[in-house]
């Protein structure tokens, strides 16, 4: 989790008042050599200290540790002087409370160890929560590798598949090379390896698997540095087939494929089905496939599904600086396997079993505990017999005791992970039923998903805040949002990463270029917070990481910070104007009236509207910033193919709300990620996407003045991103 400072102006705070802010989040605990570590940003910049007389400063940290395992836990290290409050099996409580001269300049860190020399585990059972979407019982079984260093890891045959398409040029490729070379250094001499670089072609380091000797690793280093340059497109299936063929004769070792890419490809479902078919055909030892995504243009759900099918692991880096570290960590987890081919006898004796996640039980490695969860009906067997194969090819069996628990928040521990895995399954299968299940889980847990939108609602003082709202259909005349004050409802839209960007991959746009400005979701979130809290966000100090600005990490997965706001209203809010355009396909397809009904239903006022026929000069001028792009000629041809309807819309937060209603630029993506948006209804692709909306205040001013000189005044902007 990256530390960021967000400063908001809160109106009408009287002198001497206490301002209390509560933030709830979950984050992933790091695991290394049997030790769990927690790190929380706890350093405060100098500007937060009030100017004037000295005031007392008090820091307080209350830490409760509930490990979920029936073993003693040992505190290993801490950054602050914690006082132990209580201790029992599997649980500890600590307190730090101190008067300080200056606020803390060090982040809070804490690590603990669940000590056991040998491999151990357990099974946790829990009844469904009140108003749970599923009335079946929940289970979660875990295995820990223990601290027995004499337990051998499997010998490895590793193939690295590294993307060298043109979009990887510079930082991404250099960081990926460094991570790959560092991973090679972790191989033992008895291990073997190979490297396949790919764009639209493939390039092999060697025609055969090479022993991991110092000489071979040195030669691989030279090959990576001298021979590989970023160029060309992206073809993932071809190198994957080559890697599987090279590993086909593996015996007495674990074959591992490690795929690194920054792009999305059209045949991703075909790739998953090919790998699934190969692995179920029997034969030699199945290769484990781990995947690593760089940036937001790759399809994270495809990479997660491919890793799930291959009983491997998935991780991602959103910026080049974190690629090396995260690659090494993933490689350590994926390659230090100590127990393989794990089976659970209890799963065969349940009356009903559903939502086993991951559906292919992965191996147990030294680098990470193994956790599998699901739902069941009937009596859960006790004990549960877990079987597998050790590195020396001996069979291993352990009996795990099942215990019922009430104090562990199952929905928080496994909820994010379940949403991610089920989303990947829904993507591959195209199952609408699974999509609905994910949406319901998202509403129940508060974790955003690809199939839900987030709404920030401002309520009157003493007014009861509304229940969580899922925007079911923007075209539904019985609009659930009508029950609320629409002028105080801000739609933040979808806050997830999406299903990859084929256009960016085809055009070899480097990962990170979308990060030169805040992400759309972050902009809307900050805008929403500003509207509620005085319309000013003074300072945002953050990394360039698009997904980590307001999204901390989760226990065993990725979890979004869930925001809920209820603020007193202080006067009327300033209204915004934005430009909306129904493009030729929208008018010719007779969508005009339906779109205008949606506009009115969602509280917009249509101040002005004209129907115009753009000629080549006017269309080229309006989209001038795209003149150097490959799609520009076809865009101009499309925009001049028929009349357009141009409108000036007005309401509070008009720019962000209109963009949320119309959906992503790419209508193909909108049909998947925002199926109820306007572009999903009437758009065809990223160019013929039916409607246009200004993407910022300055763009709105410029675009309105382009068509209506008497409506907008003030500073203008020469660029806009929206097509």
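Keep in mind that glycine also has a Cβ here, set from the backbone N, Cα and C atoms.
TrEMBL entries are annotated by machine, without manual review.
Record check, TrEMBL: ATP site residues include 583, 631, 659, 665, 679, and the candidate from 501, 508, 689 also listed there is 689. On the 0 to 100 pLDDT scale, the domain 'VWFA' (157-334) averages 93 in this prediction. Annotated pair residue 583 (ATP binding site) and residue 692 (active site, pros-phosphohistidine intermediate), C-alpha to C-alpha distance, rounded: 7 Å. A 10 Å radius around the C-alpha of residue 692 (active site, pros-phosphohistidine intermediate) takes in these binding-site residues out of 631, 659, 665, in sequence order: 659, 665. The Cβ neighbour count for residue 631 (ATP binding site), using a 10 Å radius over every protein chain in view, is 14. The Cβ of residue 679 (ATP binding site) lies under 8 Å from the Cβ of 662, 663, 664, 665, 667, 670, 689, 690, 691, each of these being in the same chain and 6 or more residues away along the sequence.
Each of the binding-site residues 583, 659 was assessed for Cβ neighbours inside 10 Å, and the highest tally belongs to 583.
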